[in-house]
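Positions annotated as domain 'AAA+ ATPase' by TrEMBL: 54-216. Annotation comment: TrEMBL describes T66, G67, K68, S69, L70, Y215, R227 as ATP binding site. The feature domain 'Cdc6 C-terminal' is assigned by TrEMBL to 309-394.
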Amino acid sequence: MVETDELFIRDDPIFVNKELLEINHLPEEGRIVGRDEEIKLLANAVNPAIFGQSPSNILIYGKTGTGKSLCAKHVSQRLVDAAMGEGVTAAFAYVDCAQDTTETQAVQTIASSFNRPERTEINVPDKGISTATYYKRLWRILDACYDVVLIILDEIDKLADDAILMQLSRAGEAGKLTDCKIGVVGISNKIRYKDRMDERVKSSLCEREFVFPPYDASQLGEIMEARRDAFREGVLDGGVIPRAAALAAREHGDARKAIDILRYAGEIAQSTGAERVQEGFVTDARKRAETDRFRELIRGSTPHSRYVLHALTILSLNDSGADGFRTTAIYDVYEEICRQEGTETLSLRRVRDLLKEHAFLDIIEQSRHSGGSAEGSYTKHRLLEDSTVVRDVLVDGQ
Ligand SMILES: Nc1ncnc2c1ncn2[C@@H]1O[C@H](COP(=O)(O)OP(=O)(O)OP(=O)(O)O)[C@@H](O)[C@H]1O
(Lines of atoms letter the chains of each structure in order from A; the text may use other names.)
(Lines give C-alpha, C1' and ligand atoms only; values in the text may rest on other atoms or scores of the structure.)
Protein backbone atom coordinates (compact mmCIF):
# COMPACT_ATOMS: atom_id res chain seq x y z
CA MET A 1 0.00 0.00 0.00
CA VAL A 2 1.17 3.54 -0.75
CA GLU A 3 1.96 5.48 2.40
CA THR A 4 -0.31 8.48 2.81
CA ASP A 5 2.71 10.72 2.90
CA GLU A 6 3.75 9.54 -0.54
CA LEU A 7 0.27 9.67 -1.99
CA PHE A 8 -0.42 13.32 -1.27
CA ILE A 9 1.82 16.22 -2.00
CA ARG A 10 2.01 18.42 1.08
CA ASP A 11 3.63 21.44 -0.44
CA ASP A 12 2.37 22.66 -3.75
CA PRO A 13 5.53 22.94 -5.86
CA ILE A 14 4.10 25.68 -8.10
CA PHE A 15 1.53 27.82 -6.28
CA VAL A 16 1.73 29.40 -2.83
CA ASN A 17 -1.31 31.66 -3.02
CA LYS A 18 -3.48 30.47 -5.85
CA GLU A 19 -6.53 32.50 -4.75
CA LEU A 20 -4.87 35.52 -6.33
CA LEU A 21 -5.54 33.92 -9.70
CA GLU A 22 -9.12 32.80 -9.04
CA ILE A 23 -11.79 34.36 -11.24
CA ASN A 24 -13.74 35.99 -8.45
CA HIS A 25 -10.78 37.25 -6.50
CA LEU A 26 -11.20 40.94 -5.78
CA PRO A 27 -7.73 42.45 -5.70
CA GLU A 28 -6.99 45.01 -3.04
CA GLU A 29 -6.24 48.56 -4.04
CA GLY A 30 -2.52 48.18 -4.62
CA ARG A 31 -3.18 45.48 -7.18
CA ILE A 32 -5.61 47.46 -9.34
CA VAL A 33 -3.52 48.55 -12.26
CA GLY A 34 -4.02 51.26 -14.87
CA ARG A 35 -7.46 52.46 -13.80
CA ASP A 36 -6.56 55.47 -11.64
CA GLU A 37 -8.31 57.92 -13.93
CA GLU A 38 -11.50 55.85 -14.20
CA ILE A 39 -11.59 55.33 -10.43
CA LYS A 40 -11.22 59.05 -9.86
CA LEU A 41 -14.03 59.91 -12.27
CA LEU A 42 -16.37 57.30 -10.78
CA ALA A 43 -15.61 58.55 -7.28
CA ASN A 44 -16.35 62.08 -8.38
CA ALA A 45 -19.76 61.05 -9.76
CA VAL A 46 -20.86 59.42 -6.51
CA ASN A 47 -19.09 61.88 -4.23
CA PRO A 48 -22.24 63.71 -3.00
CA ALA A 49 -23.26 60.46 -1.29
CA ILE A 50 -20.67 60.86 1.46
CA PHE A 51 -22.64 63.90 2.65
CA GLY A 52 -25.91 61.99 2.39
CA GLN A 53 -26.86 63.65 -0.89
CA SER A 54 -27.95 61.92 -4.11
CA PRO A 55 -25.09 60.40 -6.08
CA SER A 56 -25.21 60.62 -9.89
CA ASN A 57 -26.52 57.58 -11.67
CA ILE A 58 -23.82 56.02 -13.80
CA LEU A 59 -23.55 53.77 -16.81
CA ILE A 60 -20.21 52.06 -17.44
CA TYR A 61 -19.42 50.51 -20.80
CA GLY A 62 -16.45 48.48 -21.95
CA LYS A 63 -15.48 45.10 -23.34
CA THR A 64 -15.37 42.10 -21.07
CA GLY A 65 -12.49 41.93 -18.58
CA THR A 66 -11.70 45.65 -18.68
CA GLY A 67 -12.17 46.11 -14.94
CA LYS A 68 -15.69 47.58 -14.94
CA SER A 69 -17.10 45.45 -12.13
CA LEU A 70 -13.85 45.62 -10.21
CA CYS A 71 -13.70 49.44 -10.25
CA ALA A 72 -17.43 49.82 -9.55
CA LYS A 73 -17.15 47.61 -6.45
CA HIS A 74 -13.93 49.21 -5.34
CA VAL A 75 -15.29 52.76 -5.56
CA SER A 76 -18.53 51.72 -3.85
CA GLN A 77 -16.65 50.19 -0.94
CA ARG A 78 -14.45 53.26 -0.61
CA LEU A 79 -17.53 55.44 -0.67
CA VAL A 80 -19.18 53.44 2.10
CA ASP A 81 -16.05 53.83 4.23
CA ALA A 82 -15.73 57.56 3.53
CA ALA A 83 -19.41 58.16 4.28
CA MET A 84 -19.02 56.43 7.60
CA GLY A 85 -16.25 58.91 8.44
CA GLU A 86 -18.79 61.69 7.84
CA GLY A 87 -21.41 60.05 10.02
CA VAL A 88 -23.52 58.99 7.03
CA THR A 89 -24.71 55.39 6.82
CA ALA A 90 -24.18 54.02 3.36
CA ALA A 91 -24.07 50.59 1.73
CA PHE A 92 -23.90 49.07 -1.70
CA ALA A 93 -25.54 46.03 -3.30
CA TYR A 94 -24.24 44.10 -6.25
CA VAL A 95 -26.62 42.40 -8.68
CA ASP A 96 -25.45 40.13 -11.47
CA CYS A 97 -28.29 40.65 -13.93
CA ALA A 98 -27.21 37.64 -15.97
CA GLN A 99 -28.34 35.58 -12.94
CA ASP A 100 -31.20 37.77 -11.82
CA THR A 101 -32.81 38.54 -15.14
CA THR A 102 -36.34 39.21 -13.95
CA GLU A 103 -37.56 42.23 -12.03
CA THR A 104 -38.62 40.03 -9.10
CA GLN A 105 -35.25 38.25 -8.84
CA ALA A 106 -33.35 41.53 -9.00
CA VAL A 107 -35.44 43.32 -6.36
CA GLN A 108 -35.24 40.23 -4.13
CA THR A 109 -31.43 40.22 -4.36
CA ILE A 110 -31.25 43.94 -3.61
CA ALA A 111 -33.64 43.78 -0.67
CA SER A 112 -31.97 40.77 0.92
CA SER A 113 -28.50 42.17 0.47
CA PHE A 114 -29.44 45.45 2.20
CA ASN A 115 -31.54 43.84 4.89
CA ARG A 116 -30.28 43.80 8.48
CA PRO A 117 -33.01 41.56 9.96
CA GLU A 118 -31.80 42.08 13.54
CA ARG A 119 -32.57 45.77 13.13
CA THR A 120 -35.48 45.80 10.67
CA GLU A 121 -37.25 42.60 11.73
CA ILE A 122 -38.16 42.28 8.07
CA ASN A 123 -37.99 38.95 6.30
CA VAL A 124 -37.00 38.82 2.63
CA PRO A 125 -37.81 35.28 1.48
CA ASP A 126 -36.19 33.76 -1.61
CA LYS A 127 -39.56 33.47 -3.25
CA GLY A 128 -43.26 33.32 -2.58
CA ILE A 129 -44.16 37.01 -2.27
CA SER A 130 -45.20 39.38 -5.02
CA THR A 131 -42.85 41.80 -6.73
CA ALA A 132 -44.77 44.70 -5.23
CA THR A 133 -44.25 43.27 -1.74
CA TYR A 134 -40.51 42.92 -2.34
CA TYR A 135 -40.41 46.58 -3.29
CA LYS A 136 -42.37 47.64 -0.20
CA ARG A 137 -39.98 45.70 2.01
CA LEU A 138 -36.99 47.16 0.19
CA TRP A 139 -38.16 50.75 0.78
CA ARG A 140 -38.79 49.97 4.45
CA ILE A 141 -35.34 48.40 4.82
CA LEU A 142 -33.69 51.40 3.20
CA ASP A 143 -35.58 53.83 5.44
CA ALA A 144 -34.71 51.85 8.54
CA CYS A 145 -31.01 51.33 7.86
CA TYR A 146 -29.41 53.81 5.45
CA ASP A 147 -29.02 57.44 4.43
CA VAL A 148 -27.72 56.54 1.01
CA VAL A 149 -27.09 53.40 -1.07
CA LEU A 150 -25.50 52.43 -4.35
CA ILE A 151 -26.92 49.62 -6.43
CA ILE A 152 -24.56 48.05 -8.97
CA LEU A 153 -26.42 46.35 -11.81
CA ASP A 154 -23.79 44.32 -13.63
CA GLU A 155 -24.64 43.12 -17.15
CA ILE A 156 -27.65 45.41 -17.00
CA ASP A 157 -28.47 44.57 -20.63
CA LYS A 158 -29.46 41.06 -19.53
CA LEU A 159 -32.48 42.36 -17.60
CA ALA A 160 -35.68 41.13 -19.20
CA ASP A 161 -37.17 44.64 -19.20
CA ASP A 162 -36.80 48.15 -17.80
CA ALA A 163 -39.31 47.68 -14.98
CA ILE A 164 -36.81 47.71 -12.11
CA LEU A 165 -34.93 50.65 -13.61
CA MET A 166 -38.19 52.54 -13.74
CA GLN A 167 -38.85 51.83 -10.05
CA LEU A 168 -35.34 52.75 -8.96
CA SER A 169 -35.37 55.97 -10.91
CA ARG A 170 -38.75 56.88 -9.40
CA ALA A 171 -37.48 56.06 -5.94
CA GLY A 172 -34.50 58.29 -6.63
CA GLU A 173 -36.82 61.26 -7.18
CA ALA A 174 -36.71 63.03 -3.87
CA GLY A 175 -38.37 61.03 -1.19
CA LYS A 176 -41.26 59.58 -3.20
CA LEU A 177 -40.94 55.99 -2.08
CA THR A 178 -38.13 56.16 0.44
CA ASP A 179 -36.09 58.88 2.10
CA CYS A 180 -32.88 57.01 1.42
CA LYS A 181 -30.88 58.41 -1.50
CA ILE A 182 -30.23 55.87 -4.24
CA GLY A 183 -27.50 55.80 -6.88
CA VAL A 184 -27.58 53.23 -9.66
CA VAL A 185 -24.39 52.03 -11.32
CA GLY A 186 -25.24 50.14 -14.51
CA ILE A 187 -22.55 48.09 -16.24
CA SER A 188 -22.71 46.72 -19.77
CA ASN A 189 -20.44 45.51 -22.49
CA LYS A 190 -22.99 46.38 -25.14
CA ILE A 191 -22.36 49.92 -26.25
CA ARG A 192 -25.74 50.11 -27.98
CA TYR A 193 -27.60 49.06 -24.84
CA LYS A 194 -28.84 52.57 -24.15
CA ASP A 195 -30.72 52.75 -27.44
CA ARG A 196 -33.11 50.10 -26.12
CA MET A 197 -33.95 51.98 -22.95
CA ASP A 198 -37.16 53.79 -22.29
CA GLU A 199 -36.58 57.55 -22.76
CA ARG A 200 -37.56 58.49 -19.24
CA VAL A 201 -35.38 55.83 -17.67
CA LYS A 202 -32.53 56.79 -19.97
CA SER A 203 -32.51 60.42 -18.92
CA SER A 204 -32.65 59.49 -15.27
CA LEU A 205 -30.18 56.61 -15.18
CA CYS A 206 -27.55 57.78 -17.62
CA GLU A 207 -26.48 60.99 -15.92
CA ARG A 208 -22.82 60.07 -16.26
CA GLU A 209 -21.35 57.62 -18.71
CA PHE A 210 -17.92 56.10 -18.79
CA VAL A 211 -16.23 53.91 -21.35
CA PHE A 212 -13.46 51.63 -20.11
CA PRO A 213 -10.88 51.06 -22.85
CA PRO A 214 -9.24 47.63 -23.31
CA TYR A 215 -5.91 47.06 -21.60
CA ASP A 216 -2.79 47.04 -23.71
CA ALA A 217 -0.10 44.38 -23.40
CA SER A 218 1.97 46.38 -20.93
CA GLN A 219 -1.01 46.99 -18.59
CA LEU A 220 -1.95 43.30 -18.78
CA GLY A 221 1.66 42.50 -17.96
CA GLU A 222 1.48 44.76 -14.90
CA ILE A 223 -1.82 43.22 -13.77
CA MET A 224 -0.23 39.79 -13.88
CA GLU A 225 3.02 40.99 -12.31
CA ALA A 226 1.00 42.29 -9.38
CA ARG A 227 -0.10 38.70 -8.75
CA ARG A 228 3.23 37.01 -9.33
CA ASP A 229 3.25 36.09 -5.64
CA ALA A 230 0.53 33.53 -6.40
CA PHE A 231 3.49 31.42 -7.45
CA ARG A 232 6.32 30.02 -5.42
CA GLU A 233 9.38 32.17 -5.75
CA GLY A 234 11.46 31.50 -8.83
CA VAL A 235 9.15 28.97 -10.55
CA LEU A 236 7.75 31.38 -13.13
CA ASP A 237 9.99 31.64 -16.21
CA GLY A 238 10.73 35.18 -17.37
CA GLY A 239 8.89 34.84 -20.67
CA VAL A 240 5.56 33.59 -19.29
CA ILE A 241 3.92 36.88 -18.31
CA PRO A 242 5.00 38.86 -21.42
CA ARG A 243 3.79 36.05 -23.67
CA ALA A 244 0.44 35.72 -21.87
CA ALA A 245 0.04 39.52 -21.98
CA ALA A 246 0.74 39.63 -25.70
CA LEU A 247 -1.84 36.92 -26.41
CA ALA A 248 -4.53 38.48 -24.23
CA ALA A 249 -3.88 41.94 -25.67
CA ARG A 250 -4.41 40.62 -29.16
CA GLU A 251 -7.88 39.53 -28.14
CA HIS A 252 -9.28 42.84 -26.96
CA GLY A 253 -7.23 43.26 -23.79
CA ASP A 254 -9.22 41.10 -21.40
CA ALA A 255 -7.64 40.98 -17.92
CA ARG A 256 -9.70 37.98 -16.92
CA LYS A 257 -8.37 36.05 -19.90
CA ALA A 258 -4.80 37.06 -19.06
CA ILE A 259 -5.16 35.87 -15.47
CA ASP A 260 -6.82 32.63 -16.59
CA ILE A 261 -3.93 31.95 -18.96
CA LEU A 262 -1.44 32.48 -16.15
CA ARG A 263 -3.33 30.16 -13.81
CA TYR A 264 -3.63 27.44 -16.45
CA ALA A 265 0.06 27.69 -17.32
CA GLY A 266 0.76 26.97 -13.63
CA GLU A 267 -1.70 24.08 -13.62
CA ILE A 268 -0.06 22.58 -16.70
CA ALA A 269 3.27 22.71 -14.88
CA GLN A 270 1.61 21.02 -11.91
CA SER A 271 -0.04 18.26 -13.89
CA THR A 272 3.02 17.46 -15.99
CA GLY A 273 5.29 17.46 -12.96
CA ALA A 274 7.44 20.28 -14.38
CA GLU A 275 9.48 22.17 -11.83
CA ARG A 276 8.99 25.49 -13.53
CA VAL A 277 6.22 27.25 -15.43
CA GLN A 278 7.68 27.48 -18.90
CA GLU A 279 6.90 29.95 -21.64
CA GLY A 280 6.00 27.06 -23.91
CA PHE A 281 2.99 26.24 -21.66
CA VAL A 282 1.31 29.53 -22.49
CA THR A 283 -0.05 28.46 -25.88
CA ASP A 284 -1.86 25.47 -24.41
CA ALA A 285 -2.97 27.53 -21.46
CA ARG A 286 -4.59 30.06 -23.77
CA LYS A 287 -6.45 27.32 -25.63
CA ARG A 288 -7.67 25.93 -22.34
CA ALA A 289 -8.82 29.37 -21.20
CA GLU A 290 -10.73 29.87 -24.46
CA THR A 291 -12.29 26.44 -24.31
CA ASP A 292 -13.40 26.93 -20.73
CA ARG A 293 -14.92 30.31 -21.34
CA PHE A 294 -16.76 29.07 -24.40
CA ARG A 295 -18.04 25.96 -22.63
CA GLU A 296 -19.41 28.21 -19.91
CA LEU A 297 -21.06 30.43 -22.52
CA ILE A 298 -23.01 27.60 -24.15
CA ARG A 299 -23.72 25.67 -20.98
CA GLY A 300 -27.41 24.84 -20.86
CA SER A 301 -28.01 25.43 -24.56
CA THR A 302 -30.33 22.98 -26.34
CA PRO A 303 -29.10 20.28 -28.75
CA HIS A 304 -30.49 22.10 -31.79
CA SER A 305 -28.89 25.34 -30.75
CA ARG A 306 -25.60 23.43 -30.69
CA TYR A 307 -26.25 21.79 -34.08
CA VAL A 308 -26.84 25.20 -35.63
CA LEU A 309 -23.60 26.49 -34.16
CA HIS A 310 -21.82 23.36 -35.26
CA ALA A 311 -23.05 23.91 -38.82
CA LEU A 312 -21.61 27.42 -38.87
CA THR A 313 -18.37 26.10 -37.37
CA ILE A 314 -17.98 23.49 -40.12
CA LEU A 315 -18.47 26.17 -42.76
CA SER A 316 -15.94 28.44 -41.03
CA LEU A 317 -13.34 25.69 -40.76
CA ASN A 318 -13.72 24.90 -44.48
CA ASP A 319 -13.46 28.51 -45.56
CA SER A 320 -11.65 30.50 -42.90
CA GLY A 321 -11.31 33.59 -45.10
CA ALA A 322 -15.06 34.09 -45.65
CA ASP A 323 -16.72 37.18 -44.19
CA GLY A 324 -19.75 35.13 -43.12
CA PHE A 325 -22.27 32.55 -44.29
CA ARG A 326 -25.87 32.89 -45.33
CA THR A 327 -28.68 31.39 -43.29
CA THR A 328 -29.59 28.97 -46.07
CA ALA A 329 -26.01 27.66 -46.31
CA ILE A 330 -25.98 27.08 -42.55
CA TYR A 331 -29.36 25.41 -42.77
CA ASP A 332 -28.09 22.90 -45.36
CA VAL A 333 -25.24 21.79 -43.08
CA TYR A 334 -27.58 21.81 -40.08
CA GLU A 335 -29.93 19.40 -41.92
CA GLU A 336 -27.00 17.09 -42.54
CA ILE A 337 -26.02 17.17 -38.85
CA CYS A 338 -29.59 16.36 -37.82
CA ARG A 339 -29.60 13.44 -40.25
CA GLN A 340 -26.43 12.08 -38.67
CA GLU A 341 -27.86 12.58 -35.20
CA GLY A 342 -31.05 10.84 -36.29
CA THR A 343 -33.28 13.73 -35.27
CA GLU A 344 -35.95 15.83 -37.00
CA THR A 345 -34.92 19.25 -38.25
CA LEU A 346 -36.44 22.47 -36.99
CA SER A 347 -37.90 24.97 -39.47
CA LEU A 348 -35.71 27.57 -41.16
CA ARG A 349 -37.47 30.21 -39.07
CA ARG A 350 -36.54 28.51 -35.81
CA VAL A 351 -32.96 28.14 -36.97
CA ARG A 352 -32.92 31.87 -37.75
CA ASP A 353 -34.08 32.51 -34.15
CA LEU A 354 -31.38 30.25 -32.74
CA LEU A 355 -28.76 32.15 -34.74
CA LYS A 356 -30.12 35.36 -33.29
CA GLU A 357 -29.70 33.95 -29.78
CA HIS A 358 -26.06 33.15 -30.54
CA ALA A 359 -25.59 36.69 -31.79
CA PHE A 360 -27.06 37.97 -28.54
CA LEU A 361 -24.41 36.06 -26.61
CA ASP A 362 -21.71 37.48 -28.91
CA ILE A 363 -20.81 34.01 -30.14
CA ILE A 364 -21.58 35.06 -33.69
CA GLU A 365 -21.97 38.35 -35.52
CA GLN A 366 -24.75 39.05 -38.00
CA SER A 367 -24.65 41.50 -40.88
CA ARG A 368 -27.25 42.52 -43.47
CA HIS A 369 -26.31 42.52 -47.13
CA SER A 370 -28.09 43.68 -50.21
CA GLY A 371 -28.14 41.18 -53.05
CA GLY A 372 -29.45 43.72 -55.55
CA SER A 373 -32.96 43.92 -56.96
CA ALA A 374 -33.03 40.27 -58.03
CA GLU A 375 -32.19 38.83 -54.65
CA GLY A 376 -33.33 41.34 -52.06
CA SER A 377 -31.39 41.57 -48.82
CA TYR A 378 -30.06 38.72 -46.75
CA THR A 379 -28.19 38.07 -43.48
CA LYS A 380 -24.70 36.68 -43.10
CA HIS A 381 -23.43 35.05 -39.92
CA ARG A 382 -19.84 34.97 -38.79
CA LEU A 383 -18.34 33.04 -35.90
CA LEU A 384 -16.63 35.37 -33.41
CA GLU A 385 -14.97 32.55 -31.50
CA ASP A 386 -11.96 30.55 -32.64
CA SER A 387 -13.54 27.80 -34.77
CA THR A 388 -11.23 25.06 -33.52
CA VAL A 389 -12.18 25.93 -29.92
CA VAL A 390 -15.89 25.75 -30.78
CA ARG A 391 -15.41 22.46 -32.59
CA ASP A 392 -13.53 20.94 -29.66
CA VAL A 393 -16.23 21.91 -27.19
CA LEU A 394 -19.14 20.86 -29.41
CA VAL A 395 -17.70 17.63 -30.78
CA ASP A 396 -15.38 16.24 -28.18
CA GLY A 397 -16.86 17.89 -25.15
CA GLN A 398 -13.27 18.83 -24.30
N1 LIG B 1 -7.02 47.06 -13.51
C2 LIG B 1 -6.98 45.84 -12.99
N3 LIG B 1 -6.06 45.52 -12.08
C4 LIG B 1 -6.04 44.29 -11.54
N5 LIG B 1 -6.88 43.30 -11.85
C6 LIG B 1 -7.82 43.55 -12.78
C7 LIG B 1 -7.92 44.82 -13.38
N8 LIG B 1 -8.94 44.80 -14.25
C9 LIG B 1 -9.47 43.57 -14.19
N10 LIG B 1 -8.80 42.80 -13.31
C11 LIG B 1 -9.07 41.38 -12.98
O12 LIG B 1 -9.87 40.82 -14.01
C13 LIG B 1 -11.10 40.32 -13.48
C14 LIG B 1 -12.21 40.73 -14.41
O15 LIG B 1 -12.46 42.11 -14.31
P16 LIG B 1 -13.93 42.69 -14.18
O17 LIG B 1 -14.86 41.66 -13.66
O18 LIG B 1 -13.88 43.97 -13.49
O19 LIG B 1 -14.23 42.90 -15.71
P20 LIG B 1 -15.50 43.51 -16.37
O21 LIG B 1 -15.02 44.63 -17.22
O22 LIG B 1 -16.54 43.80 -15.37
O23 LIG B 1 -15.90 42.31 -17.31
P24 LIG B 1 -17.34 41.64 -17.55
O25 LIG B 1 -18.05 42.58 -18.46
O26 LIG B 1 -16.96 40.35 -18.24
O27 LIG B 1 -17.95 41.44 -16.22
C28 LIG B 1 -11.25 40.95 -12.10
O29 LIG B 1 -11.85 40.06 -11.20
C30 LIG B 1 -9.84 41.24 -11.69
O31 LIG B 1 -9.35 40.12 -10.99
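Glycine is treated like the rest: Cβ placed from N, Cα and C.
Feature annotations (TrEMBL) mapped to structure.
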{"residue": "T66", "record": "ATP binding site", "DSSP (3 states)": "coil"}
{"residue": "Y215", "record": "ATP binding site", "DSSP (3 states)": "coil"}
{"residue": "R227", "record": "ATP binding site", "DSSP (3 states)": "coil"}
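Neighbour counts were taken at the CB atom with a 10 A radius for the binding-site residues K68, R227; the maximum falls on K68. Annotation for G67 (ATP binding site): spatial neighbours I32, R35, E38, F212, Y215, A255, criterion Cβ-Cβ under 8 Å with sequence separation of six or more.
In sequence order, F212, P213, P214, Y215, G253, D254, A255 constitute the residues six or more apart from T66 (ATP binding site) in its chain with CB-CB distances below 8 Å.
Listed binding-site residues: T66, Y215, R227. Those with a CB atom under 6 Å from ligand 1: T66. Residues belonging to the domain 'AAA+ ATPase' (54-216) score a mean pLDDT of 92 in the model. Counting Cβ atoms from all protein chains shown, S69 (ATP binding site) has 20 others lying within 10 Å of its own Cβ. When the record's ATP-binding residues T66, G67, K68, S69, L70, Y215, R227 are compared pairwise by CA position, the greatest distance found is 19 Å. The C-beta environment of L70 (ATP binding site), restricted to residues of the same chain at least 6 apart in sequence and closer than 8 Å, consists of L26, P27, I32, R35.
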